[in-house]
Amino acid sequence: MDSSYLAQPPPGMGKTRRLASTVQWLLSAALLLYPMNEVNGQKKGTPRDLKCMTSNLQVWDCSWKAPATGQGMSYEVCIDRRSHSCYKSERTSIKIQSLSPGDHEMTIRPLRGSSNSTSKFILSERNVSLIPFTPEISNLSADFATSTLHIQWNDRGSAFLYQAEVIWEIKVLRKESMEVVKLTTYNSSLSGKDVDHHWGWTSDMPLECAVHYVAIRCFIDDPRFSGRKAWSDWSRLKSVSWSPDSPNKVFPQDKVVLVGTDITFCCVTQVKILTAQIGQTSYPLIPLDGRNVAIKIHSISASANSGTNVVFSTYDNIFGTVIFAGYPPDSPQDLLCETYDLKEIICTWSPGRPTALVGPRSTTYTLFESFSGRHVRVKRGDVSSNESYQLFFQMLPNQETYNFTLNAHNPLGRSESAVLVNVTEKVHPHTPASVKVKDINSTAVLLSWHLPGNFAKIKLICQTEIKHNSEQELRNLTVKGVENSNYLMIVNKLNPYTAYTLRVRCSAQTFWKWSAWSSEKRHVTIEAVPSKGPDTWREWSSDGKKIIVYWKPLSVSDANGAILAYDVSYSSEEETRTLPEIPPPQHRAEIWPSHKDCVIDVAARNSAGSSPPSRIAGMQIPNDDLKIEQTVGGGNGILLTWNHDPNMTCDYVVKWCNSTRPEPCLMDWRKVPSNSTETVIRSDQFRPGVRYNFFLYGCKSQGYQLLRSIVGYIEELAPNVAPNFTVEDTSADSILVRWEDIPVEELRGFLKGYLFYFEKGERDTSKMRGLEPGRSDVKIKNITDVSQKTLRIADLQGKTSYHLVLRAYTGGGMGPEKSMFVVTKENSVGLIIAILIPVAVAVIVGVVTSILCYRKREWIKETFYPDIPNPENCKALQFQKSACEGSSALKTLEMNPCTPNTVEVLEAGPTVPKTEDTELASPVAERPESGPGDGDADKQVPVSYCPPLVEEAGPAGQVVYMDVQSGYQPQARPDGGQDGGQDGGPARCTGYKPQLQLPGSRGGAGGYRPQADAGTWTPLAPLAPLAPLSPDSSSDVGSFGSPCSVDSRQFLIPPRNEESPKWSGGGWSFSNFFQNKPND
């Protein structure tokens, strides 16, 4: 069995059935294997793995596995619930009749061996596999001309007692490599009898190209069987092949195929093929068995008339064939059989799509008449492509009904069409000939023509077409048919002196088709007297002395001939006068009547006589209540209405003219019956956007009276130009604009108003683009009073550029715009106010600030400019007498930052200075001592420092402290030693010592003396940079600059000698502005 195909589900079954079958088989296998594994797992060497199958649903073939125990082993198989329940088998398989539905216990016991080798199995139909018999192909044949394989096999249906569905799977293999080229299914039913089945397959490759093999297998789909269903084994392969001794080497030979077909050509030869091509196109070679090769063409296109060549080339030879690609014939379309003369039937049709096949492969048409059994044949190739397809069939005597069938056939297929014809109802006469026309009078003519054919058995309907200008009229005439005769028809009710074109056609009374129209015959009827007088109107001249008479030319239908002249006369109670005849084309005359109530007559004359005269009254009745009205037409005319007036006895006349023409103007007029109350005025001369004047006159017995004067447009348009406007006056906050009227011819509609736009903007920078509505920066004024010609724009800003735009609009739309830029005048009052307001605000702010500063002056002074204490009154450097006596805890005086001061020596005297002890009071020193560092002798306690006050016996000197900087310098003793402790040890007094009077100073001057050696000083000007330390200085720390107090690096009091630079004392700072005087 072919395992690769055994596992496949049958292609004809649905997914649900396959899934149910698989699940059912798995469950049955589980039920079967479970008891076997359970028993065999306890006892080895017993029968196991029971499997059962059936091929016809009647007999089950069960087999099992058993250990090798030597030859002669037999088994006893017993099945419960059966009359003959036990069987003996000398093999490990047994065939039993199919069991009834349900579970059955099967016991298999070896007849030799212990009784413990017995195995028990649960068996039911669910555990049985349905595997049909292997089918067999009874016949395999090949039709090489059509590349078709025909297969025949028998289904062995007699082995089944009841009907079942069978799915046959057929596979076709090609070449010695067994390449599968077709795998398909074929469905049938088992009927309880052996039935032969046939299946055919057309190969895409000619059968001559390679050997072909066929095999089949089957699948029985019986819904009553609950077991597992499987495919049968494949049948034995059968093959067909081509004899290599054939003289033809390329296949297929001269084949006709359908356009769009995929076709394969092959060359069967023992030599090597190098190239292959179809027409001018080369194709790749496909290797086959041996040296055979093939080429594949996809969707072949239609061939030329002579076909397409297929060529295979070797080193020294070529092999080839011809392919013809075309189409099968369409069913003959529009098959029509009719007769022209009741002598011969003509059948015509359209062949439909061209077949692209000619010559012996072209389409053959055969017309067959079933009642008579006669037929007519024609080949399509025998008919020119420019001619229609038709066949002629001679009518048979005394036969009116014919049944025609038209067959079309070519190598790719056939088609047909049929039609049933009663020829007396399908008469299509020939075209009438020899048409003639003869006058009877001015309104009638005699028409004659000739019609070939034998119509003696039927009646004819002949139709005459009468055309005059764009008018057309058809008249029908029924006549008795005759054989090859002329026919006559009287055409009356014509107009005199009118050109007509006549032609005729005929058909049978049982209408099928008209014949073609005969050639046209043009004829002019003779003249007659004009039927009415000309349409007449009159106009008085502006001076009221002359009447101008107008009349319209008569239409051709009213003139009844060529008008030779017009006769005009006018009469009053006293006399009648006639003007000389007026030849056409003049249609006006001037008369000077002596009375205004004259009557005017106008008549037209041709060769047949004069028309009745047209009469019109010359008197004009005045109307004092006349008002000018306005109206707009509906696009194609002007509707005028009026109230019925019984005094109007003759008619109404509507006159109109272009309003731009001078008076009296006349473009046209129309007369309306006296019983009418409205009319629509239409004229080809009307143009949209042109103003017309309409005048409605009413006719009374004594003359015409003007009833209405109307100004109107057939259609309003937008103005053609913008109104011309100027600026007459400008001020700081307004602009006065004046504009002019638009001429009537440019207005093109009734003026509805003006739109005035304005906005701020310079020239070439204005943003008024498109005049969009809804913009807040553009102001719009709609002026609906059309009589208004000025506009003042108020509430503007002074000295500002404005963009002004003016547009007019009518009922037809908005006209173009005209714009200008205007700058308003400067506003002097505003400028003054603009200057005064900031000044007033500044004054008010100054006054308020001054008042606040005056009231808060003490606070301002204390906050921003506090008083600087007078150094003469400073008592900060006062110490206790025992401040430096043996106190090791006393810290060296450390300067805290003080307000910078400037020292200026104003006056000094040679008196002996007097030194006062001052107590140094420091806010820091007064704080209670706390913290872990209180006992640390190495840390200094910062105290505030104020320069000492030196008093001298002589005239008091005034000093100003300047720029005292922080920093401590050790104070030298007068004897040049350092302060020390009482015991001369390392402990020394770190407190401040007052500056004592130093003896023997230069110049004998008293006063302040430095606390260090004066020899180390480097005199510098106040505020000068620090001088470098002298290397010869004997002091511990060199002094910087001039003599300093403590750590000061700036001058306090310069030495009293002439070599020292003198301080001018000109220093000043902003703090001096609020500083008290020293004497205060």
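Note: Cβ is positioned from N, Cα and C throughout, glycine not excepted.
Per TrEMBL, the feature signal peptide maps to 1-41.
The domain 'Fibronectin type-III' annotation in TrEMBL covers 331-430 (among others). Taking DSSP states H, G and I as helix and E and B as strand, the domain 'Fibronectin type-III' (331-430) has 9 helix, 53 strand, 38 coil.
Positions annotated as domain 'Fibronectin type-III' by TrEMBL: 431-531 (among others).
The feature domain 'Fibronectin type-III' is assigned by TrEMBL to 533-624 (among others).
Residues annotated as domain 'Fibronectin type-III' in TrEMBL: 721-828 (among others). Regional average pLDDT for the domain 'Fibronectin type-III' (721-828) in the model is 85.
Among the features that TrEMBL reports, transmembrane segment is placed at 829-854. Panel annotation: around the transmembrane segment (829-854), residues 732, 798, 860 of the same chain, lying at least six beyond its termini, place a Cβ under 8 Å from a Cβ of the stretch.
Summarising the annotation, TrEMBL assigns region 'Disordered' to 908-943 (among others).
TrEMBL lists 968-1016 (among others) with the feature region 'Disordered'.
Annotation comment: TrEMBL describes 1055-1080 (among others) as region 'Disordered'.
The compositional bias 'Polar residues' annotation in TrEMBL covers 1069-1080.
The DSSP breakdown of the domain 'Fibronectin type-III' (533-624), given as helix, strand and coil counts, is 4 helix, 41 strand, 47 coil. The domain 'Fibronectin type-III' (431-531): residue composition by secondary structure is 0 helix, 63 strand, 38 coil, according to DSSP.
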